[in-house]
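Engineer: The structure is given below, and queries will be raised subsequently.
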Ligand SMILES: Nc1ncnc2c1ncn2[C@@H]1O[C@H](COP(=O)(O)OP(=O)(O)OP(=O)(O)O)[C@@H](O)[C@H]1O
Ligand SMILES: Nc1ncnc2c1ncn2[C@@H]1O[C@H](COP(=O)(O)OP(=O)(O)OP(=O)(O)O)[C@@H](O)[C@H]1O
Ligand SMILES: [Mg+2]
Ligand SMILES: [Mg+2]
């Protein structure tokens, strides 16, 4: 029997303990392959959090994860499990590339809004088909979005190789974007450049991501649309009773979700690589799932979880650079975090339930 | 108390088929069963009654090993028996027909019957044996079903037979039936009772859970009454009366009739002509309904559950699509297109208290204030500006409505799931009635609601009528229909069988119509 | 310390990256020095890896593969004091970059001759990795070599894919090899990084001969690998490491047959397969190429091939 | 395309369809029992690594096979714990385990062999070798069928024939035995099984463990049959294609054979751009790669017959709210 936990325990304690469990198992894995967990942690912390350089990367990754985390979050509130953020982010990258390459942009302030529209449109379009199939034909969105991830990657390979690759270039990538599309990095922003004294990949997209957190929060809890999305996500039957159109909510929620996932491309494609590469999203769509889960599907939580995963990602990269621990440790840790926060959370709750049950009589 | 009578028999007669001692069971914070003891004599039909949520199903599920009791003991034929799972219950000779059938929809009857009672690792021998046994049982007890039919193609009545066959195939001596007649027409119910009497004559023991006092009086030997998780009495049926049972059930004298003045009907508000609804499985659930509700009157729709009442409410409320014509105050409503949704209906002046508040009427995880805006979240007074909702305004409105309807506790931020059923219903009724609609659709207004709330809700309905509003009331409780309605229409199999004046009709006449016997319309 | 970044196949691809790794290890063993190393996992990491190594003070920074070209071009100016060396690239123009290009067509020509001489079916195969001009350069040189000894021979050319995944798909390599065998090929040249291991494996299983690439792969399936086209990436890396901070940059260094940058492998594992006549024929051609008497057409010079169509 | 080429492509099809078929049948058991499993990929990968690693260390492919099965079983067990015992989200558990498998296989292989997450190449008794079926030579003279028998049917490794045999075996188990009846029932309506006195938990765990065993076979085939050694991410999305095939097959064993053969055929075709080019059609290779996924979406959209999953699928069985 499930013991009901106090809300604070559910919101704070459960993710925290899940995280600790994931860390514990990761440490066991490290010990098993003959590495020192404390050494690994030290490298990760130093590489990701101690220097402005580390923060530059941690924030860069976090920016991407905020977008995909929010994408998963808004779909989740509509009762839809969007596993397709990865494919949507890839298509978003295509949108960014097409916009950036279309014109000799004079200044980034002009290119950025246009690229955002491109990213959001392409991401949303890629979410639209699974959404439509779910809304109209009841095709399970989890499976269709998985399929669409693969279709996206095949499509992108085709476009990069056959269409966007400039003559004479060997790697499957688009041409470099014109100089006028270069987004200022934190190093180039007055004020912040005092902290970030060297070139870092984190760029103005970070502020767009923060704004997106606020916007998504406002949509979900302050607008009729958000109200309808949440109601529909809790009970489709009741939503129908209240005159909320399942098709409309499913479509809109997924379109927003896809647009958010697509917007991630502003960060990595426009802000960092400045050209479209194959598999540019690098699994950030999947990490979005973990970020949303950890963040309890709340924009503030997503922000914090994105920072955590940004740390994991950057710290993991540093492990790959400076230790003999393969970078794949990062994937293992991510998997464990998802496992413990998303699938074994009930186990944590049960454990806590026992604690709270034994504690209560003493307190009374 | 008459309950002592049973104890008196203990010394002389054979051991009880079943004896439960001190059974308790909690689901989290809900104490579903509290220290329950009951004895059931061998070869008898023992009734159990109680309001919704009294704990009847829980108790029987414990006996069947589906749930584990927190404490207490079970004696079968006088021997203490532990029933940790259903397998043990089956071994102890207990069979149970659940309130919600436990059948595999896309299996055949035969496959469902042998499931869990196979003869060996191979299916073939089990199937041929079951085919033969089923033939025998069918002859013996009038339990015909096609052994090769898929469950999903069978009517509920037949599905129930499969459940009974399952139990008999496992050679159950003790048969538990949980509200078996809720889904049956009176004729099917009579058939069932013949079967039960036949089984009783064979020496089998039967426990029957039902809400219907008539059935208790008709078929049981003894009856136990439960209230709020406790066993309040066990009496010999012959020595009690429906009134006494009702009083035991709710814990105080029941008001049989609602006080109301005669109706003064005005112009027709709702006119329905030849309304048809086809469900997802392509089954026609409404087969040409025509009816009229006028201002200032309550039209009651009586009928056994599942005869199209839900579909009628849903199509009127904009949840389901249909064909035919519906006019509200003379204006024809959209039945299939863009405006055939709940939002349009509300805009047209139709309020709807749905039959199932937990599934339709409320979002259980939403707070009370969010639920008060539910369906009316587009209302201008709930908006701050073009973009944002005015949550403060909704909370203020909620406080007001909670005060008017005496919702307890009056905390707008409390989640709906944390209110009791009666208070949940009050929130829904408050939300819909306070909108001052021209037409109120109200389904099962008092299902699972305690008696105080029943009276209150009934009064609100009558008050709305007296303001000159039209009300369409659907209820499976004949008493409620009889006491509230100004006119009664009886539904059977998607049709209106006839209309009666509550002043001149009686339960017997309505019961016949509900069974599809002797209606005037086809 | 010097540093090296390996491309997607990873330093144990038994081929291109492994050759680079061997060069680095050789330097470390000889000098007792240490070097930083890094394996790419994805396209998008290239820039971070490069910057991080440059920032850490590594000098020179060597990277294997043309895929780094574009990224290096934008990173190098930010680290004017760091020297970079990049293999398989010759189109950049930065003062602190040394570009190292190999004449793979020449080496491929030699192993093509070997294949032509060893083939009994008059049909030989070529399995390329990612379909890019560089790999066509291998294929084209190979085809010219085959035709030089057997003008009527058939050369089946297949590429594994169009993305970097093509460097690391042994299953596909094996299946393509099997397909080529069924089309009659009895010698198959794999120029496909990690994918080539699958080609060599399948060829060994099917009882035909294969030709390795970049590193000496003869030992992988002794008696089954006819020879290996050596691309002395190991030497390139070794020399870059040895030069250290004094590495001469701002130019393209061409490593060809004459400078021992490419060649073919002969050792105890394939001694039985290479007859003295074969060796003599091939060595003679090699001398002619070195002397400039024989010019092997370079596909990348004009994107055409006289001996094969892609 | 001439007959020999056609046979050659079919031969490749059989080889490439085998891991899909094994994984698809694996998924069938779990999903028929009501436990969704998008973690087929991870289990295969894990099995591929453990089997190749142990085969490399012991020199015996049989010990390797056993290790592969154990590796996949370990993951199946975690999935069972998460989704059956602790009633967690089955989809999330699957996603998570795929992540873990993707990373931990490399960590372990790197720790054991220090070759960048690869195992050394397997040879001799450490891998499955092709089996020549009887009468290959004498039957070769039979027109059409003779070459077909020689090229397509004969000459595969042990696990290919195991996979083929598993199709009728699964059908028989599912539709002719008590276990199959219960398994199907628990995926449709676990309460029916529970009230019939059969443990839902045990049934589902059994199914999930069978899934583990079959994924073990699929992964072991990848690294010791199809290839000779493990390499990082070597399953390359085959677990997801198998899942797609399972939907395409509407959760039925014979149709699973058909679906995986079809998808295997696409993969085989994608390896032969020369053959496609000769047909005059210009189908880009990425389009062929994407075809299984597109077909699955088409099926899911109900355009080619609707795929109705087991009704209780994806939902943990909760008796008490
Ligand atoms: N599986 C369960 N999990 C949690 N709570 C439950 C469960 N089943 C029943 N309850 C709760 O236990 C109480 C008793 O329920 P039970 O179903 O036994 O009532 P009942 O008398 O059969 O009512 P009804 O007439 O509506 O069938 C109710 O409050 C109900 O909400
Ligand atoms: N089905 C309907 N029935 C009645 N009125 C409607 C209906 N749909 C829309 N309207 C009215 O038309 C106007 C514009 O519709 P619209 O759908 O844009 O509503 P809205 O207030 O913007 O809500 P939302 O932002 O949730 O879509 C609203 O003022 C609404 O009252
Ligand atoms: Mg609107
Ligand atoms: Mg009940």
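Any Cβ shown, glycine's included, is placed from N, Cα and C.
A quick note: this is a predicted structure, and the numbers were derived from the prediction, not measured.
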Engineer: Choose the correct range: of A:114-133, A:174-193, which one does TrEMBL annotate as transmembrane segment? Give that range.
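Structural biologist: Comparing A:114-133, A:174-193 with TrEMBL, transmembrane segment matches A:114-133.
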Engineer: Counting only pairs 6 or more apart in sequence, are there at least 3 Cβ pairs under 8 Å between the transmembrane segment (A:302-325) and the transmembrane segment (A:58-79)?
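Structural biologist: Touching, yes - the transmembrane segment (A:302-325) and the transmembrane segment (A:58-79) meet the threshold of 3 or more Cβ pairs under 8 Å.
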Engineer: Should anything in the same chain at least six residues away from the transmembrane segment (A:58-79) have a Cβ under 8 Å from its Cβ atoms, list it; otherwise answer none.
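Structural biologist: Same-chain residues near the transmembrane segment (A:58-79) but 6 or more away: 48-49, 85-86, 88-89, 186, 200-203, 205-206, 209-210, 212-213, 216, 219-220, 226, 229-230, 232-234, 236, 249-250, 253-254, 256-258, 260-261, 263-264, 267-268, 271-272, 281, 284-285, 287-289, 291-292, 295, 297-299, 302-303, 305-307, 309-311, 313-315.
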Engineer: Which residues, given as numbers and ranges, are at least 6 beyond the ends of the transmembrane segment (A:331-352) yet have a Cβ under 8 Å from it?
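Structural biologist: Sequence-distant neighbours of the transmembrane segment (A:331-352): 2-3, 5, 9-10, 13-15, 17-19, 21-23, 25-26, 29, 287, 289-290, 293-294, 309, 312, 316.
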Engineer: May I ask for the residues of the chain that lie six or more residues beyond the transmembrane segment (A:200-220) and have a Cβ under 8 Å from a Cβ within it?
Structural biologist: 52-53, 55-57, 59-60, 62-63, 66-67, 70, 73-74, 77, 112, 116, 183-187, 189, 226, 229-230, 256, 260, 263, 266-267, 270-272, 298-300, 302-303, 306
Engineer: By Cβ distance under 8 Å, which residues at least 6 away from the ends of the transmembrane segment (A:276-295) in the same chain are close to it?
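Structural biologist: For the transmembrane segment (A:276-295), the list is 15, 19, 61, 64-73, 76, 83-90, 93-94, 96-97, 149, 153, 156-157, 160, 164, 171-174, 261, 264-265, 268-269, 301-306, 308-309, 313, 334, 337-338, 341-342.
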